[in-house]
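What Swiss-Prot annotates here:
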- Cys99: active site, nucleophile (ACT_SITE)
- Cys201: active site, cysteine persulfide intermediate (ACT_SITE)
- Gly8, Met9, Ser10, Gly11, Gly12, Val13, Asp14, Ser15, Met34, Gly123: ATP binding site (BINDING)
- Cys99-Cys201: disulfide bond (DISULFID)
- His124: site 'Interaction with tRNA' (SITE)
- Gln350: site 'Interaction with tRNA' (SITE)
Amino acid sequence: MQQRVIVGMSGGVDSSVSAALLLQQGYQVEGLFMKNWEEDDGTEYCTAMEDLADAQAVADKIGIKLHTANFAMEYWDRVFEHFLAEYAAGRTPNPDILCNKEIKFRAFLDHAMTLGADFIATGHYARRAETAYNSKGEAYAPLLRGLDNNKDQTYFLHAVHGREINKTLFPVGEIEKPEVRRIAEELDLATAKKKDSTGICFIGERRFNDFLKQYLPAQPGKIVLDNGKEVGEHHGLMYYTLGQRGGIGLGGMKGASEGAWFVLHKDVANNRLVVGQGHDHPLMQSTQLWSEAIDWVAGEQNIPAEGLRCTAKTRYRQPDQACTVFIDENSEHGVRVEFDEPQRAVTPGQSVVFYSDEVCLGGGVIHHTNAPTPNFI
């Protein structure tokens, strides 16, 4: 009996080719287009209608049914409110990770099951191993890096539980991006030459600062140097991220050297932005970080007293960094991570993701690091 797969079709080339490949592999395939954001401002930036039209054109071309589902309420409750709270607290969140965990897998999978699906599928560049069982006897599928190292998306998928990975197929995870484009052109799919989306799912391509100030009032404050000297005004700490180069408004400052300016520290308590020159400024360097809650793909992870040796990324596409993970005795579910080498601009609110060779073990949101605090704070 044919197994039924519902593919999350975004109107992009990766999910389009995923659906086509699954058909070729003999599955009974249907598509589902998720609407996760209600356009509230009438700007030209929202591409949801265009994306739906592209998904429908591909579905028609390959001869499958396309369902639609509106998860905007779930998105607002489970993703967007957290996103705003993190920015309001001075951190820099990654909503795409939470969106994958709560919407693109959990809500989508639940909905697909009501439609009689055996599996869901997405266009992510990732792979899954055969079903395994954790110590509680729960079935899960280990998450593996995508074959295309340049496109691997496990960093964004680390918070998806292995029981959901166990019900998911990743057709393009086994091939490289140029081959995906070639297949789309060969099949004459409407999305073959469509450029990859780069914006946060609900912001699209619009200016981030303009979007954010619709929801959070800007709180301007002082810009200070690493010695505490005031040199200007910032527009609101939420608009800046640790390690950011440029966009600070200090170009050509009198008496300063020609070098680029970097965000070194966000003094949230006093609403001050600390800046300085030097790509590897000491205030940006850390060797340890703490995370208060980890999502392990297997639902658990044994961490011995001497620590778990693995590699980690603290941002997408960063080369793997060797580290040791310890249980944080001061937190119920947290960990402390010690890196073998100093790390630059590790940013609270972003995620640390752990790997053992090809296997993505899981990860969590960075709470704080041991980067030095400016001595005037």
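Just so you know, glycine gets a Cβ as well, placed from its N, Cα and C.
Of all the recorded positions in the record (Cys99, His124, Gln350), the one with the smallest CA separation from Met34 (ATP binding site) is Cys99. Between the binding-site residues Gly8, Gly12, the minimum number of other C-beta atoms within 10 Å of a residue's C-beta occurs at Gly12. Considering only the residues assigned to ATP binding, Gly8, Met9, Ser10, Gly11, Gly12, Val13, Asp14, Ser15, Met34, Gly123, the longest pairwise Cα distance works out to 16 Å.
Other Cβ atoms within 10 Å of the Cβ of Ser10 (ATP binding site), summed over all protein chains shown, number 22. Around His124 (site 'Interaction with tRNA'), taking its Cβ as the centre, 26 other Cβ atoms fall within 10 Å, counting all chains. The shortest Cα-Cα distance between Asp14 (ATP binding site) and any of the recorded positions Cys99, His124, Gln350 is the one to His124.
Here the C-alpha separation of His124 (site 'Interaction with tRNA') and Gly8 (ATP binding site) works out to 10 Å.
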